[in-house]
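Feature list (source: TrEMBL):
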ACT_SITE  103  active site
ACT_SITE  290  active site
DISULFID  116-121  disulfide bond
DOMAIN    85-402  domain 'Peptidase A1'
SIGNAL    1-15  signal peptide
């Protein structure tokens, strides 16, 4: 599920052992802001989706998205002006490090490749398989269509360095063709899917499933912490949780039975403040917890209900009520400053960032229609996940949520 993906650039990666565990590793990254053109493109895409929602297929597909060591590892993530987080993965022997999106809404691993001669490819760092001694050809060709672009590539094998873990004979996609807004404007170099293997291309093994198969972790879990402060580290933790990054108990929510491809959970109610919108009365709503989506996404009918219950004069957006999801009996609140986008005439503002002088505003919620049986569903992207520490447990097929600790 790719909607708003305006990312930045490759930085020098230095891996060092961190203090949480003798066998865990940290990859430091830095935050870089979006330029004016990227901000305007972001706002344009959101606004367009609210009048003509993105429609996805009604079946799961690729476009919605050593010695045994009982270790836990973590990757620091980079926050791009509060619109996306990326981290680094090494591919090849010796490893070539590339910035990638860690995406719980897809299952394949794609990297920009020297094989691609399209302009979007040439703007970014790229993997060169001729420089890897472990590269092996496999050969299937795959085409993936996203909401805002498409890629074509070849599935092959190489060694992957992931969160301090080394995975041999890992399947991945070498991108050979790119087109669309996502890849023109984005400055990421790859996409590492963390959804279930049923969502992966035929004959491929997702990266985290290779971790499981190799028996590298005592607990087959990973967790995301998203910082709102550019001076504070965001991270992906693999094999454990970082108790310093959340407070209270973790609320464990099972994946919806029969939907083991996305991290799909039940939403019992959706409210504005204390007022229920009545969207989940007949049957529970569905929510896909998706680290590859920057904002929120909602069925168009649900989005219309949200707008109907908000004051159309957004000059008073600070007085808007909290946006509330009720999940397994607990309330998860998003403040109005986070779910409203304000814009001045130059398109200078981002979600969660507001100026005193703005001429218009919109909700940071995209329209998305997914037919039965997969949909309709909400997508809980980074706006939601910035407030809550999220844990993904493959041993028990469940998602854990806890209140994130911010400076």
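Each residue, glycine too, has its Cβ placed from N, Cα and C.
Listed in sequence order, the recorded positions from 116, 121, 290 having a Cα within 10 Å of the Cα of residue 103 (active site) are 290.
Within the same chain, residues at least 6 positions away in sequence whose Cβ sits under 8 Å from that of residue 116 (disulfide bond) are 122, 126, 175, 176, 177, 178. Most other Cβ atoms within 10 A: among the recorded positions 103, 121, 290, that distinction falls to 290. On the 0 to 100 pLDDT scale, the domain 'Peptidase A1' (85-402) averages 88 in the predicted structure. Recorded residues residue 290 (active site) and residue 121 (disulfide bond) have their alpha carbons 25 Å apart, per Cα-Cα distance.
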